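Contents: one structure, followed by commentary.
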Amino acid sequence: MTGSLLDQLRQMTIVVADTGDIQAIEQFTPRDATTNPSLITAAAQMPQYQQIVDDTLKQARAELGPEAKAAAVATLAFDRLAVAFGLKILAIVPGRVSTEVDARLSYDTEATIEKGRSLIAQYEAAGISRERVLIKIASTWEGIRAAEILEDEGIHCNLTLLFGVHQAIACAEAGVTLISPFVGRILDWYKKETGRDYEPHEDPGVVSVTTIYNYYKKFGYQTQVMGASFRNIGEIVELAGCDLLTISPKLLEQLQATDAELVRKLDPDQAAGLEIEKIDMDQATFEKRHAEDRMASEKLDEGIKGFTNALVALEKLLADRLARLEGEVALNQAFESIFRTFDLDGDGFITREEWMGTDAVFDAIDLNHDGKITAEELGAGIGAVSKLA
């Protein structure tokens, strides 16, 4: 008997849980886990984690003082909350957790460095070795340079929002610990651009990750490849053998429920024998290739905006929760603002493209799985009552 796809995948690839839901992590027992503002936002709405949110807000208020504006307290609380969830996750997984730098700093090298140092300091103050934490940074040229400096300080980085081979090469040359190429978002772009569907073996996201993996193994780079943002288990099957794959709970369930033979598709020995041209990636070459790669440039910009929107939404939720804790009631106003932040065209629905956050969060909120989030669904998801005009 071959066993489940998930069990077989674990024999050739490190499986990472793409969620902030601690109970889901306990269910699937991954080695590592990743978080981002969208995942933290979803987890923060779950009743079982409300005490973590409340304690974090109270700590941030005490740290900044009674005169500090709620927005400032919420911003500080986000950093603290990301670490608080990270600590809970690290009590379960044997490996590492990825914690994300504010996406609004994506083009600011110095600010990214300072934020990375701050996050690591918080983990170390809680008794966690920096070896168990990856700092997630967007794969801009400025972000890659920040990661290079952090890596020199022993702070390991996960470069995210990676869509082009040029980004991957720059990360490897910078000595980054790990990259997260976004398989599903690459597929989304090509489907929209061409109007056609793709079989898993020809999926542009799968092809991109395969190319990056083979390049790394051919030239002996130590940077690990962690495929991310999957749309279906077919993509995962085609990347069996990749260093790591970060997978949402929904797809982990499908892999666990599917019994079929899993064939390894990515292999370092095979990659070493391929004929591949080596490219030196200085800033001029990076910027030229990025400008020429419309998919990568559009998806990077979109991803940064999406993570920024998720962070803004989370900060609004935290500010509202703080107001409730301090005796002010503003939940409905905050909810309306959050819904309109994501409903870009004002049609009363949030599509997956408008959401631009993590697929796991979208799927959790999209209760009827029709590809659109209504005001009622978002209201249920964040515990608010929808009273939009």
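A Cβ is built for glycine as well, from the same backbone N, Cα and C atoms used for every other residue.
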Which of Glu353, Glu354 does Swiss-Prot put in the same Ca(2+) 1 site as Asp343, Asp345, Asp347?
Glu354
Least buried of the binding-site residues Asp343, Asp345, Glu354, going by other Cβ atoms within 10 Å?
Asp345
So which other residues, same chain and not among Asp366, Asn368, Asp370, Lys372, Glu377, have a Cβ within 8 Å of the centroid of the Cβ atoms at the Ca(2+) 2 site?
Ile365, Leu367, His369, Gly371, Ile373, Thr374
Can you list, in sequence order, the residues of the same chain other than Asp343, Asp345, Asp347, Glu354 whose CB lies within 8 Å of the CB centroid of the Ca(2+) 1 site?
Phe342, Leu344, Gly346, Gly348, Phe349, Ile350, Thr351
Would you count the other C-beta atoms found within 10 angstroms of the C-beta of Lys372 (Ca(2+) 2 binding site) for me?
17
